[in-house]
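Enquirer: Sharing a structure here in structure tokens format.
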Amino acid sequence: MSRSINIRGEYNTAKVFNPDIDESSYQQIEDMMNREEFKESKFRFMPDVHYGKGSTVGTTMTVEDKIVPSFIGVDIGCGVSVTELEINKKEASDPEFLKTFDRNVRQQVPLGFNRHQQYKDSPDLKIEDFIVSDQLDEEAFYTSIGSLGGGNHFVSLEATDDGKVYLLIHSGSRNIGHTVATIYQDLADNLNPSDRKGEGYLEGEAMENYLHDLGLAQKYALQNRNAMANAILESNGLKQRNRFDSVHNYIDLETMIARKGAISAKKGEKLVVPFNSRDGSVIAEGKGNEDWNHSAPHGAGRTMSRTQAKKRIPYQKYQEMMKNVYSTSVSKRTLDEAPSAYNEQKKILELAEPTINVLEYIRPIYNLKG
């Protein structure tokens, strides 16, 4: 069975590394291939591909002389940090430890739309570094550092079978990235409007300004994850062995590859692919596959929308799925994050074999949703 299909448009052809793509995603990709302004870009879509706002989740493309900000999305720099801890699986699985850990995380890390009440962590970059600084919320800029957000953002403890424990944090650039993306997409729609609302493109100086501010928002997102990780470690008296980061909504400003819902997988590069809150993640190594735009899937990919998940998945079934994971966020509110709302881990890993080598499977001990 073929592991990929080609989708041809008027000006370009995309390669999709999943032959079972749904109709709405197929149409969305075909529409992108019908755009003359991207006829020189190399499009590759990851195995966890699914329909998304602005562009398909799982998109990778080479950036030439034009860009659509909504192709990257509003949570600029969103990604997952992985910190190996100096505790073992037995210690991390102790019920009293987990109870205290959860309390400390909730005290240190604002969830959902919440942020810190004061300037708790100051990012290395300053708001005035942004070209559009006069349109950014200064209070939100400084009080959002070290906050998780909502939706599929999470904090988890995951462990290998031989006892290693990792702290994973999935979060992005919070309101700052959203504001930057919105400002530049509005500008693009005014300068070079598209037949599809919210998909105008930037070029020239406007594109350079966007890339400048996008790069800063990406740094902000990284500092946000680091601030949370450091606060969680300090409040729980934990020490780290090492830390790395996999970003999945961004433009690599060195290679000029854009990724939305996809991660970098250069040769020898360490990366993480989280699947769901029951089955956990894999730590892997990139193969540097040029045909894949040196990229890999960022997760399992949804099999149903959030609205569909809340209608179709019984709450009791969700509780049963999560019975072996310590979590105080399993509720009807987070039903759209039930493991069965996502593709199976095995399917995605089989499709991703040409681009990554799996190093470790890590299973959840603890999970907290934003």
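For all residues, glycine too, the Cβ spot is worked out from N, Cα and C.
According to TrEMBL, the protein has these features:
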ACT_SITE  H298  active site, GMP-histidine intermediate
BINDING   D75, H153  Mn(2+) 1 binding site
BINDING   H170, H248  Mn(2+) 2 binding site
BINDING   H248, N249, S281, H298, G299, A300, G301, K369  GMP binding site
REGION    284-308  region 'Disordered'
Enquirer: Counting by DSSP, what is the helix, strand and coil composition of the region 'Disordered' (284-308)?
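Expert: Final tally across the stretch: 6 helix, 7 strand, 12 coil.
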Enquirer: For N249 (GMP binding site), which residues of its chain lie six or more apart in sequence with Cβ-Cβ distance below 8 Å?
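Expert: Set apart from N249 (GMP binding site) by at least 6 residues yet with Cβ under 8 Å, we have I72, G73, D75, I76, G77, C78, G79, G172, R259, K260, G261.
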Enquirer: Taking Cα-Cα distance, which of the recorded positions H248, S281, H298, G299, G301 are within 10 Å of H153 (Mn(2+) 1 binding site)?
Expert: none
Enquirer: Report the nearest neighbour of H248 (Mn(2+) 2 binding site) in space among the recorded positions H298, A300, G301, K369, comparing Cα positions.
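Expert: Nearest listed residue in space: H298.
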Enquirer: Using other CB atoms within 10 angstroms as the count, which residue among the binding-site residues H153, H170 scores least?
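Expert: Looking at the binding-site residues H153, H170, the Cβ with the fewest others within 10 Å is that of H153.
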Enquirer: Determine the Cβ neighbour count for D75 (Mn(2+) 1 binding site): the number of other Cβ atoms within 10 Å of its Cβ.
Expert: 24
Enquirer: Would you please pick out, from the binding-site residues G299, G301, the one with the fewest other Cβ atoms within 10 Å of its Cβ?
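Expert: Lowest Cβ count within 10 Å among the binding-site residues (G299, G301) is G301.
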Enquirer: Find, among the recorded positions listed as H248, H298, K369, the one whose Cβ has the highest number of other Cβ atoms within 10 Å in the structure shown.
Expert: H248
Enquirer: By a simple count, how many Cβ atoms lie within 10 Å of the Cβ of S281 (GMP binding site), its own Cβ left out?
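Expert: Its Cβ shell of radius 10 Å holds 25 other Cβ atoms.
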Enquirer: How far apart, in Å, are the two Cα atoms that lie farthest from each other among H248, N249, S281, H298, G299, A300, G301, K369, the residues recorded as binding GMP?
Expert: 19
Enquirer: Count the Cβ atoms, other than its own, that fall within 10 Å of the Cβ of A300 (GMP binding site), considering every protein chain shown.
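Expert: There are 24 of them.
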Enquirer: In three-state terms from DSSP, label N249 (GMP binding site) for me.
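Expert: Strand, per DSSP.
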Enquirer: Could you measure between S281 (GMP binding site) and H170 (Mn(2+) 2 binding site) for me? Cα positions, answer in whole angstrom.
Expert: 12
